[in-house]
Amino acid sequence: MGASQTRAEHQYQDLADKTGFSFEQIKNLYQRFQQLSGNEETISRANLNSIPALANNPIRKQIIGAFFDKRNQHQDEVGSCDQIGFEQFLMVMSHFRPPNLRTTDEEKEAMRKEKLRFLFNMHDSDNDGTITLAEYRKVVEELLSKSGEIGQETAKAIADAAMLEVASINVPNMGPEEFYEGITFEHFEEILKGLEMESRMHIRFLDVDTSTMRCGKSQS
Amino acid sequence: AYKCAFLRCAPRPLLVLSSSSSSSDLKNEQQPSKHLNNMAELRPARCWRTGFFFCVWLLLFLSVASGIRDVVSGSNETSGGPAGDTPEDPHHQTNSTTHKKAFPVLSFNYQEVRKPFVISLWILLALLMKLGFHIIPNISNVVPESCLLIGVGLLVGGIIKAIGEEAPVLDTKLFFHYLLPPIILDAGYFLPIRAFMENMGTILVFAVVGTLWNVFFIGGMIFAVCQIEGVQLAGVDLLSCLLFGSIVSAVDPVAVLAVFEEIHINELLHILVFGESLLNDAVTVVLYHLFEEFSHAGTVTVLDGVLGVVCFFVVSLGGVMVGAIYGLLGAFTSRFTTHTRVIEPLFVFLYSYMAYLSAEVFHLSGIMSLIACGVMMRPYVEANVSHKSYTTIKYFLKMWSSVSETLIFIFLGVSTVAGPHAWNWTFVISTVILCLVSRVLGVIGLTCIINKFRIVKLTKKDQFIVAYGGLRGAIAFSLGFLLTDNERKNMFLTAIITVIFFTVFVQGMTIRPLVELLAVKKKKESKPSINEEIHTQFLGHLLTGIEDICGHYGHHHWKDKLNRFNKAYLKKWLIAGERSTEPQLISFYNKMEMKQAMMLVESGSAAKLPSILSSVSMQNIQQRGSDNRRAIPSISKSREQEIRKILRSNLQKTRQRLRSYSRHDLMIDPFEDNVSEVRFRKQRMSHYLTVPANRQETPSVRKVCFEPEHQVFTYDNSESPRGPRARADPGPLDAISLVSESQGPNQSREQRAKVPEEQEELDQLKLSRCLSDPGPNQEEDLS
């Protein structure tokens, strides 16, 4: 009993160091993980797909895909896996932690980069380091997919406008012959710097300072 | 400094709360550099002239002041009035007994029109004053406008008193029924919802708990002060003190708006202080009535206290509900106004005003009702009304609120001079000090608690600005005026006026240098960016999804649910036509395009040389070759004819480097024609893309094209002959490309053909002439 306790704590300590969560939060998330996986060691896409609340989400596939994307594990691997363990689950969740009063400016900057990277990975499905026009079009299409029959043309138009905007901000003096390959990570950062990602992209209960709320017990 | 002063001359929006796009719209309407030089030259001459005008206006003020008192301060005139008026009616005199008078060619009958005449003159002179302030360049940088207006009021009041007339006072009914609603409606209608909702918790805590703290602290301490021996204040009992506290402790939205608007502080702080000033109305109303009842009754029981709390909830929630109902009604009405566009703005104004008055009937919070109405109505009304009505609503609201604000401050000044005062050094000084102290303590204390629950914590600088921005204003004065007449009322009024003056003058004037000194974050001038909008939506869905995965019913979950409810039910009922199913991204996109187009149209007539923003255009991002061989659906014959006609006529213009738009290029302004505008709006997928003017002050000339949705053309770039021949642009992916001066014959590629949207309306809706993108041979495609 004592041994397993310390082993669990040891494990938690490891995870806490890596992801920055507190023990309480890790415990919460572990319970949720158990629930999702049906008490297995790993969860697969099917487990996540079966969450009923996600059915209405237009970018469900991308979200689920992000969990299985190796690039989000910060271990310089690419590709995707089929099953993820609790550690990977936590790693992905750690992208959604908010900054607190003690976070310095450099840490905030690093946080922002990390979150933007996460978003970038979600868009850049073929992992070539740029978001091409086709990929961006797909993003917009998915966003609009739950909104009825909008059709491809609008999505295309919007995506093109967006791309044009990125290009004109980052490379304003392009000659007519040049071709803008796609949105690189730096350009991505540039266009989204107004959004203050480090404070926008977070889930409230994952904040270490606020009173931790428990993971709800959903019906799935 | 010049630029600041000049920028204010233009009809600026009253509130920074209005979306940044609107303020940037108005800023862009000005032509900066040239005119500034003119202004500089005219300045000395203008100074003298302005001084002269001031004197003239003051004299006029005096002459109407004697008339105004009949209008404003009472109805004792009405009894004496008619009796004196009837003889002055020469037209109906049929006094045939006396000898016939010569027919009056010119007669003077001032009495009949005196009331509206005087009111109009008063308003006119107030506005001329306001105008005057901005002509004198440097004053408006240092002194906020509210101070200047109060100063003018003081001056006028002083002169009136000096000549022995009785000066008019700020009538409470006039204030609450006519002067206050436009300002609040303007604020509520243009409230930035997202910022407001995100900080709702903080705002509520400041508004409710903060105001309660202020009331009890000030009331209690004043009572303690009154108990001190030797200040002749022994007659003031606790309930009166609490009543006084409830009047003087509420942050005033009018004053906050007037001052904060000029310092352009960042959105968070603005919404905190402003939101607090709006929401504390409920608390103020309840406490005021509560204490007034109690001070008549004399004793307070626990039951009364409990009832007071219940009353608070009733007042605030009831007010919000009344406002929401009227808002929904207004939205519903606007659904049917497609054929009567002219009266659309009136619906907005009237429903809102009715909401305010209905709430006042039940002693609910009128301000909260008005805000709720505006907030509720706005998304649906904006989707339904025509563009012109939208502009009308915007400008009328700004206009009315500007007038109201001006009048309020001038009257405040005049009433100060006019009103009976009872100055008591101890009372007044201690009131001012206590107001400051309680505000600071309240903000600091509450922030400690609030920061535990906030993600973006409030720093010390933020706290300072929030505390310092707690200005008192005319609402406090009017409430004080409503008190029953007794010997203490005058003392209270004097104290209230002193507090108001102190906050408006001292705090209002010093807040700007303090903001500079503390390097508080200023408002970001951000242009709407389609990328940001896409990602905001994306983030919303992402976070909702993550919350669902965690099984946590948080912020985003409920927001998502609300959005879906909105889409499923409300939008269907409240938005006319097909726009009800339009997703937000598309509305945003359309709005952006519309704005760009408007700017384009407006800048076209200025005949300015276009400045090159970016030479990026569609072909820079289009993929070469590969998969663009798509089926090209056929278009109807008549459209094909039209396209050819345009192209042929355009052929002449291809060689000209169209450097700017001239009026000749715009055949019929599409925004003039009502009918065509409807159709323009119906364009679900307006296909023109923009390159937003990012770091540029002058709007550059862009060419706009749009295409109907059902015309899907694609073309293959690789095939494009780079000849100068004009070709139709069939692509749905038309880009607005900027005319680049440095480019040579390739210019033609960047100009695209206009394709009219409807066959019958072809001639009417041409917005620009562009030339085609090189595409495959048009004739081949169209056949």
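Each Cβ is built from the backbone N, Cα and C atoms, and glycine gets one as well.
Remember, it's a predicted structure, so these values are computed and weren't measured experimentally.
Summarising the annotation, TrEMBL assigns compositional bias 'Polar residues' to B:739-748.
Under the heading domain 'Cation/H+ exchanger transmembrane', TrEMBL lists B:123-516.
Residues or ranges marked as domain 'Sodium/hydrogen exchanger regulatory region' by TrEMBL: B:614-685.
The region 'Disordered' annotation in TrEMBL covers B:75-97 (among others).
The region 'Disordered' annotation in TrEMBL covers B:714-783 (among others).
Positions annotated as transmembrane segment by TrEMBL: B:48-68 (among others).
Marked as transmembrane segment by TrEMBL: B:117-136 (among others).
Positions annotated as transmembrane segment by TrEMBL: B:142-163 (among others).
Annotated transmembrane segment per TrEMBL: B:175-197 (among others), in sequence order.
Same-chain residues lying 6 or more positions outside the transmembrane segment (B:203-226) and placing a CB less than 8 Å from one of its CB atoms are 196, 233-234, 236-238, 241-246, 248-251, 271-272, 275-276, 278-280, 282-284, 287, 426-427, 430-431, 434-435, 438-439, 441-443, 445-446, 449-450, 466. Residues or ranges marked as transmembrane segment by TrEMBL: B:203-226 (among others).
As annotated by TrEMBL, transmembrane segment applies to B:238-259 (among others). Proximity of distant same-chain residues to the transmembrane segment (B:238-259), defined by a Cβ-Cβ separation under 8 Å and at least 6 residues beyond the stretch ends, is recorded for 14-15, 17, 144-146, 180, 183-184, 187, 211, 214-220, 222-223, 226, 273-274, 276-278, 280-281, 283-284, 287-288, 290-292, 294-295, 298, 300, 367, 405, 408-409, 431, 435, 438, 469-476, 479-480, 483, 488, 492, 495-496, 499-500, 503-504, 507-508, 511.
Away from its own ends, the transmembrane segment (B:271-291) comes close to residues 17, 184, 187-188, 192, 195-196, 199-200, 202-204, 206-208, 210-212, 215, 239, 242-243, 246-247, 250-253, 256-257, 260, 304, 308, 311-312, 315-316, 319, 363-368, 371, 462, 465-466, 469-470, 475, 479 of its chain (Cβ-Cβ under 8 Å, at least six residues beyond either end). TrEMBL lists B:271-291 (among others) with the feature transmembrane segment.
Taken from TrEMBL, the feature transmembrane segment covers B:303-329 (among others).
According to TrEMBL, the feature transmembrane segment maps to B:349-375 (among others). Sequence-distant contacts of the transmembrane segment (B:349-375), counting only residues of its own chain at least 6 positions beyond either end whose CB sits under 8 Å from a CB of the stretch, comprise 176-177, 180-181, 184-185, 187-189, 191, 193, 253, 278-279, 281-282, 285, 289, 314-316, 318-327, 329-330, 333, 393, 396-397.
The feature transmembrane segment is assigned by TrEMBL to B:425-453 (among others).
The transmembrane segment annotation in TrEMBL covers B:465-484 (among others). Sequence-distant neighbours of the transmembrane segment (B:465-484) (same chain, 6+ residues past either end, Cβ-Cβ under 8 Å): 169-170, 172, 175-176, 179-180, 206, 243, 247-248, 250-256, 258-260, 265, 269, 272-273, 281, 284, 288, 292, 408-409, 411-412, 415, 435, 439-440, 442-444, 447, 458, 492-493, 496-497, 499-500, 503-504, 507-508, 511, 514-515, 518, 520.
When the stretches B:175-197, B:303-329, B:490-515 are ranked by Cβ pairs under 8 Å to the transmembrane segment (B:142-163), first place goes to B:490-515.
Distant neighbours of the transmembrane segment (B:425-453): 201-202, 205-206, 209-210, 213-214, 217-218, 221-222, 225-226, 228, 231, 233, 248-249, 463, 466-467, 470, 472, 491, 494-495, 498-499, 502-503; these residues of the same chain sit at least 6 beyond its ends, with a Cβ under 8 Å from one of its Cβ atoms. Remote same-chain residues near the transmembrane segment (B:303-329) are listed as 279, 282-283, 285-287, 289-290, 294, 351-352, 354-355, 358-359, 362-377, 574 (criterion: CB distance under 8 Å, separation of at least six residues from the stretch ends). Summarising model confidence by region, the domain 'Sodium/hydrogen exchanger regulatory region' (B:614-685) averages a pLDDT of 49.
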